[in-house]
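Notes for the one structure printed next.
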Amino acid sequence: MDAGEVTRKSRPSKSKKKGGKGTQAISAEDEAKRREAVKEQLRQKLELERKARQVVERLLEDSVTEEFLMDCAWHITPANYKDTVEERSIAKLCGYPMCPNKLTNVPTQQYKISTKTNKVYDITERKCFCSNFCYKASKSFELQISKIPLWLRKEESPPEIKLMKQGDGGSSGQEIKLIDKPITEADIDNPIEDIPESNKDLIQGENGDIEQDFVSSVVSNQHKQVHWGKLPKRDEVSEDAAEYSHSEHEQRINGENKDESESSQTPQPQKDTTDHPALEKNASEIEGTLELLNQDKSTQQEGENTSSSQPESDISVPVAGDLNITQVGMSKRSAAGLKGLLKDHHKAKTASTAISQCLLERLRQAFIEWRTKETMIFLYGPDYASGMQLSTAGAWEEEQLDEDDLDEAEVGVRSAEGGPSRTSAPVPDVETLRKETEMLELRVREFYKGVCVLPEEVETAAVKETEHTQDSGKDPPLPLVDSHAQHQIQKRIVVEKLSHSLRDIVGPLRLTMSDVINDVNNLVRTFRFTNTNIIHKSPEWTLIAVVLLSVLTEVSPLLRESLASVSSLEYISCFMKELKLEDKDLHNLVLLFKPCVPIQT
């Protein structure tokens, strides 16, 4: 028994050893077959790639038929065809294989602007073709070439290739999109349908954010206005009131939904009698909410208290059908944002007003410093200076009148009595008369002798000798002193700035530069400039030009007639509005050049 058991146990071990050798032999055979299959696949790939290269070389020839090109599409890839186009362009042949033309006059730029289509094209690829048709035909053929690898096309069927015919049109290149086209309604796949007005309030109430505290106000549809309540303070009373109003609003919506569901199941024969109590209940709830919200407004003005208490009297006795109550809500965050926008608008308005006032004050100071006595003489003539002198002398006489009135009164009394009004000349001395007589006799004798020299001739000779001496010792001309040179530079700067601004003004005023430039130059020559009062910005120079043209109406009838026209007045008014100024501000600046304003020395 023991020997039999041993033999039985040994047999399976022998069989296992034989089975292991067979498995190893089978796996070796499979590995060899797999290697042969991989080698065969590699040979096929290499063969297909070699054939594709041959096709590419064949496409580089001058004469390629249509049938051959259509057959080649199944044996090459898009990359092979791009290599074909590039190689043909290097050989100065058209990139389209069916075109035997040579490439001449190849453009050097990268982009082309088409004036017919108002588009920009990238002509990098277009340079490889002789015409737009060849470029478009080549791109069309390239798009039809299959992108499947060559060694996987055995199970696929060759696609149908269609080549473009002559006259189908061409393409200038790849279009460059400078701007994106706006999205139209047709581009949207599933547009949202418009929600009826009757369902908008219900949807907004159901989808509202529970965490937002709403500040509500009750208005009447009859007035077509919405009055937003002021933002309440963050205290316990306002928060409780907001939470209370929000909870009441949710309960009201839930109650309405429940009533609608019940009404859909059971008939309502007494509809009019049930609507009235519900409306009264809603009005009472809204009234209680408003009373809680208005507790924080006790410190406001009397007018605001009156407006806040007005809704109570309006809704205290609601009548069904006569008054439609609408509840308008806005979150506290939105109310704070709206309040910030209003503050920013007010600040911007205040800042613009301050800037305008600063501009006017700066120009006013500059005009006062510019104006001189020569300016007034140029504008109003030399009579202005004499009139000012007479007025000054008269004022001085009036001041001295208080001191000299007694002396003048005494002189008047003496003249009335016949006394001398002035002291007589003194009586000449006898010795002086005798000497003068001797001198006259001596001059008469010398005159008859021919040696007389009159004093007038002596004085004339002395003057000529003095002039000759001065001419002989005259200094050479010297350049301007620094102060004068700076003044000339400042005048030139002002004239350039004014000329630049006048070019934009004379057109709307129906004038030309030749009509005003001479008067402007003459007026600028009379100004007194410094290194600070000629520094202005472009809008300021334009306003200065308008002021000077208004001032020059005193000397130029053409300017006076032009500025008095309706179109000129409208243009100047619009210009002042753009600068946030008024017409009276321009008038006040012009008045600075009137004689009534004293000249700064």
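Glycine is treated like the rest: Cβ placed from N, Cα and C.
Among the ranges 24-62, 102-140, 141-179, 414-452, the stretch that Swiss-Prot annotates as coiled coil is 24-62. Each of the binding-site residues Cys94, Cys130, Cys134 was scored by the other Cβ atoms within 10 Å of its Cβ; the lowest score goes to Cys130. In the three-state DSSP scheme, Cys134 (Zn(2+) binding site) is classed as helix. For the recorded Zn(2+) site, residues Cys94, Cys99, Cys130, Cys134 set the reference point as the centre of their Cβ atoms, and the other residues of that chain within 8 Å of it by Cβ are Leu93, Gly95, Tyr96, Asn101, Leu103, Phe129, Ser131, Phe133.
Residue counts for the zinc finger (71-154) under DSSP, split into helix (H, G, I), strand (E, B) and coil, are 34 helix, 10 strand, 40 coil.
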